[in-house]
Amino acid sequence: MISTNQPLTPLNRLWWLNPSWIFGLGTVGTFAMALYLSEQSYALYDTPKYLRGEHWWIALSAWLALEIGRRIGCGWHRQRGESGDAIVKDVEWWFFATFILTTAAYAILLLRGLQNGLSLGVIMENLLAPPNEVSRELAGEVVVFLPGVTTATQFGISCVLLGLWLDFRGLKYVRKYIAVIAGLALMRALLFHERLALIEVAVPAGVLLLRQYWLARPLSPWMKNAFRAAPLVGLMGVVVLFGVFEYFRSWRHYRNEFTSYAEFTVWRIGGYYSTSQNNGALGWEREGQRPIPLATIDALWEFPPVEKSPLSYQALTGIDAPQAHTDMLKQYANVEYNSPCGLFEPIRDYGPLGSLVWWVAFGAVLGWAYRGYLEGSLVGQLLFPIVFLSLLEMPRFIYLTHPRVLAPLVVIVWLGYRASLAARKAQQLQQVAETASPTLLTQGGS
């Protein structure tokens, strides 16, 4: 009798974690969807259609260049033994530092809000009241975001990732701190209609947990198939999550125009991504290449010491980029749907040939982070979850070069440097020990 029991083996990797697949399904897929929508469909979103068949070359060439870069990055055989185990104390220190920075920044924003009249009544009014009954907008009027302080709240991303990394190594006390950061992100997402504040904490955390607890763990065949099919469940989850937040964000503006909330959610999320791709085509056709790169180095231009200096983007070019984008949408599209589309940003920054070089370089970073993630390096486990989110957000904008990511990237780069130094020192000590051993044996035998 043949046994039906099969040995349990680990997954090791999943097809949908591959950067090329994420980009192809997410960015190129939404591009195709947006392209094949009719003029009448775009009229429902109060915008003409600007996407044309000739724009296919932009999407496909970007995908090909990114895949070439990914292969280069995956094949970069730089030292990958930097697991971080030698610098656990450093990681622990940075975990607490980022926790303090994040909570302190939120506390400052809360105090400013209280000074401006923040109360439970104002919060409930902004969440539930019809637009004409909202006396003061919560975000911008009551709670005013401050340069530097708002940036510090973004340390919460690295705090959660570092906490999960430490938790996997037995330091379970970090969980209560992670819960605080997650709660603050949820509060920010609900009160300020800022879904991304929660997504940029939850999604990277999920990707890291997947690597730590599941990819290397022996699983049954049905569990493996469940993980491989996870994007189907994830897609439904995205729609549900989108619908929940849109209920508080915009449903009160449209409740009299739809027969059901489900119908509104599908209409809204369809417009969210299709108009983003359409805006990208509009920007390229109407304004063409920028005088100097903007979106691909956005974190530099919005860095506080640069933003108000003679070296700011506006000072160097004479263009107020955010206002120019808003004016373009007001004149030619719908300013309510204002995402610029990450697919078109490199070509607007560098032109057709230069954008391909950028996509190759970007793909190399993705591939390097992806391989480090699979191999368990400290930097790979911290960076790839953010890379994964950046690829998911690419249909809207380039998340990895946005100011929101600057704070966590600084922490990751520093810890990567520390891990590299520790690994190099350990290797040197091992070489010294191996060199000394034959000498001692020779002396002992003489």
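Using the three backbone atoms N, Cα and C, a Cβ is placed for every residue, glycine included.
Whatever TrEMBL says is automated annotation, not expert-curated.
Per TrEMBL, transmembrane segment is recorded for 14-36 (among others). Outside the transmembrane segment (14-36), and at least 6 residues removed from its termini, the chain residues within Cβ reach (under 8 Å) are 51-53, 55-56, 59-60, 62-63, 66-67, 70, 207, 210, 215, 227-228, 230-231, 273-278, 342-343, 363, 366-367, 370, 373, 387-388, 391-392, 394-395.
Non-local neighbours of the transmembrane segment (93-114) in the same chain are 142-146, 149-156, 158-159, 162-163, 166, 174, 177, 180-181, 184, 188, 411, 414-415; each lies 6+ residues outside the stretch with a CB under 8 Å from one of its CB atoms. Taken from TrEMBL, the feature transmembrane segment covers 93-114 (among others).
Among the features that TrEMBL reports, transmembrane segment is placed at 142-166 (among others).
According to TrEMBL, the feature transmembrane segment maps to 173-191 (among others). Distant neighbours of the transmembrane segment (173-191): 95-96, 99, 102-103, 106, 123, 126-127, 138-139, 143, 153, 156, 159-160, 163-164, 166-167, 197-202, 245, 248; these residues of the same chain sit at least 6 beyond its ends, with a Cβ under 8 Å from one of its Cβ atoms.
Residues 11, 14-16, 25, 127-128, 189-190, 193, 195, 214, 219, 261-262, 264-266, 268-269, 272 of the same chain, all 6+ positions outside the transmembrane segment (226-248), place their C-beta atoms under 8 angstroms from a C-beta of that stretch. Residues or ranges marked as transmembrane segment by TrEMBL: 226-248 (among others).
Annotation comment: TrEMBL describes 350-370 (among others) as transmembrane segment. Below 8 angstroms of C-beta separation, residues 17-20, 61-62, 65-76, 289, 293, 296, 379-380, 383-384, 387, 391, 400 of the same chain, each at least six residues beyond the ends of the transmembrane segment (350-370), sit close to that stretch.
TrEMBL lists 405-423 (among others) with the feature transmembrane segment.
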